[in-house]
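A.B. asks: The following block contains the structure, expressed as structure tokens.
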């Protein structure tokens, strides 16, 4: 049995609170650009549904799988993004125009950031919905809800440690924070059928019946369908209208009898007087970023052991290997020139690749939570907070690469040069992170980001100058270097090192052309002479470009609508 509960609280006026008129919802036809025939036909989910729900009515919506129940509930909550026609109004106002929190939906499946505690999650939701959690009124609301749902004992418990029932209570508490006028619950329980004041029976996207328990029994009796003794009435009704059992005729007969004999006979309900709703607070954009960043920072602290292991395996060991291979290398000999070029490229690429590929899969794991929280915060605020939450990684990751590897090679003005290279890699890490987040957001739903990104990496790291002379590029390919964070990173750290190399030894018996000094190395690779300004503006361009693309990708996911 599939059971949903809707509880309406409003002023005591006793009339209808929700009105549905001619609601039709469908999935659009899908076509491939190379085929004329549709790959997926148009499917009608709700078929011209018209109904009304009274103030104070406690309603169970029943029906077999595929009847359209969840789509109907999401439409009542104003969160359905599928093509539709018809109207859903609450007290005469279109449901999509209602203030945030007027209608809340408790989904069938719970989605949380599991590393948070129960209190931390509720504080986050309260900060987003009602404003500052330290306000006396908000504290009272929070404590009242936690007490009523018996969550006080789990205040400091991590969500990942909660049982299934406790997670449902936490979802309910999150929905109740804004004191919704209408609360919609998708499959809250299967044991309360007799407690509902009325029944709504659905099949094939249509409402077959809406009324009392007695009315439903009378309707089924009228078509010679009687529930056996000691049989669950809800299961009997669902089975009777299920197509899986070949009961198509039953559906038509029930619908016809309901229209002819029972339509318009539903009793009215007297709704309880509602307690005043707390004022809904729409947080400013900077405040949304701050609250989201607070939540991300909690996860960062809780996952610090995992990050430490990742740092050890992906950076420290790699830095030791690189340092061992280039031990004793110097840029003052002809042999050392090639070695130092490879050395600089390796520390640049290792930092860039590790940060970009870590960021690449960030949104994939967070997508269900992001789509569940659609409307709670702005997409741009979420992206900016997610980017800022990666800054500590950008600060930490270059440290072992620079300190360990730099100790193995000869650097002029060692301490200052190490600091300058570290800072250049830190800034490059920001661009690498933006690149990873942007690619991850663009291909988040297809799951192909891991396949697409290596193809994008190839032209970008070829622009670094480590493998070919940038000045020799074709004119049409030359502009690609301006969107390559590898180019700006190599340009910066190469200038930092080679500008300090005055003269490079050239053996008398060599037949190869010698590079005379560090300036000649920079010229040979095609690096900039005014690297500070160019690389600063270039990194800013790369961060902005990939952030815009990442925002577009998340916006596309938001348009797909609420996850239920």
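The backbone N, Cα and C atoms fix where each Cβ goes, glycine too.
What TrEMBL says about a protein is an automatic prediction, not a curated fact.
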A.B. asks: Under TrEMBL, which of the candidate ranges 254-275, 276-297, 342-363 is annotated transmembrane segment?
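C.D. replies: Per TrEMBL, the stretch marked transmembrane segment is 342-363.
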A.B. asks: Using a threshold of three or more Cβ pairs below 8 Å, and leaving out pairs closer than 6 in sequence, do the transmembrane segment (458-478) and the transmembrane segment (421-446) count as in contact?
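C.D. replies: No; fewer than 3 Cβ pairs under 8 Å.
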A.B. asks: Looking at the domain 'ABC transporter' (18-267) alone, can you tell me the average pLDDT?
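C.D. replies: Within the domain 'ABC transporter' (18-267), the model's average pLDDT equals 84.
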A.B. asks: What stretch, picked from 306-330, 458-478, 531-554, has the most CB pairs under 8 A with the transmembrane segment (342-363)?
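C.D. replies: Stretch with maximum Cβ contacts: 306-330.
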A.B. asks: Report, as numbers and ranges, which residues of the same chain sit near the transmembrane segment (531-554): CB under 8 Å and 6 or more residues beyond its ends.
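C.D. replies: Long-range Cβ neighbours of the transmembrane segment (531-554): 363, 370, 379-380, 382-383, 387, 424, 427-428, 430-431, 434-435, 437-444, 482-485, 487-488, 491-492, 495.
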